[in-house]
Amino acid sequence: MNRCWALFLSLCCYLRLVSAEGDPIPEELYEMLSDHSIRSFDDLQRLLHGDPGEEDGAELDLNMTRSHSGGELESLARGRRSLGSLTIAEPAMIAECKTRTEVFEISRRLIDRTNANFLVWPPCVEVQRCSGCCNNRNVQCRPTQVQLRPVQVRKIEIVRKKPIFKKATVTLEDHLACKCETVAAARPVTRSPGGSQEQRAKTPQTRVTIRTVRVRRPPKGKHRKFKHTHDKTALKETLGA
């Protein structure tokens, strides 16, 4: 009888595990995350109607059960080591959408696109850019306020093995404010089989008509009797007659 109950319980656990592995993440969860500001794991657990202390309490009860059941100092020491490992690991915090200092490389194309035989100093500077992740996959961290900041750099040219220093101005873009904004999804373009024909019908077509002009030749034999007449005076008299 006990063996049958054990098989039944193991089968139930297996079916539950299989169903849990194949379930996709529901869309309601994405909507729930997008409507709240979640900065830590505790906030996420509160949003999902959970208690932050349940996980730590379960681990503590498990360790205490093992220590009392064994009754040995070694098991108690293992429980203390497991609790110590939990206190060392700090909770993960979300990288919220805000401005951060980033390194921007000043390329030579920003100064002179026609010439590449020079150096730029400094080669890189610091800028403020928006970065971070949002709670929903349909939104992205984007700047809402931008400021243009001109800076002066040195353009170093080598002419006849001598360096020539020139000044150049580069405009940098700093982000002052950020916000998680909705990303417009690209609509799929559906092409019907008759779409190309309709487009051709709507497009005005210019027809070029080429007309061929034929030159009529005089009928043969009309002036055949004057073919061998070389005297112009005799030809005029004959035509005048």
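Just so you know, the numbers here start at 1 and follow the chain as drawn.
Yeah, the Cβs are placed from backbone N, Cα and C, and that goes for glycine too.
As recorded in Swiss-Prot:
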- 1-20: signal peptide (SIGNAL)
- ASN63: N-linked glycosylation site (CARBOHYD)
- CYS97-CYS141: disulfide bond (DISULFID)
- ARG108: site 'Involved in receptor binding' (SITE)
- ILE111: site 'Involved in receptor binding' (SITE)
- CYS130-CYS178: disulfide bond (DISULFID)
- CYS134-CYS180: disulfide bond (DISULFID)
- 216-230: compositional bias 'Basic residues' (COMPBIAS)
### Summary
For CYS180 (disulfide bond), the same-chain residues 6+ apart in sequence with C-beta under 8 angstroms from its C-beta are CYS97, CYS134, ASN135, ASN136, VAL139, GLN140, CYS141, ARG142
### Message
With DSSP assignments reduced to helix, strand and coil, which class does CYS130 (disulfide bond) get?
### Response
strand
### Message
On the three-state reduction of DSSP, what should I expect for CYS97 (disulfide bond)?
### Response
coil
### Integer Cα-Cα distance in angstrom, ARG108 (site 'Involved in receptor binding') to CYS178 (disulfide bond)
29
### Task
Count the Cβ atoms, other than its own, that fall within 10 Å of the Cβ of CYS178 (disulfide bond), considering every protein chain shown.
21
#### Entry: Mapped DSSP class for ARG108 (site 'Involved in receptor binding'), helix or strand or coil
helix
### Task
Rounded to the nearest Å, what's the C-alpha distance separating CYS178 (disulfide bond) and ILE111 (site 'Involved in receptor binding')? Just drop the number here, would you?
29
### Query
When you measure from the Cβ of CYS130 (disulfide bond), how many other Cβ atoms are you left with inside 10 Å?
22
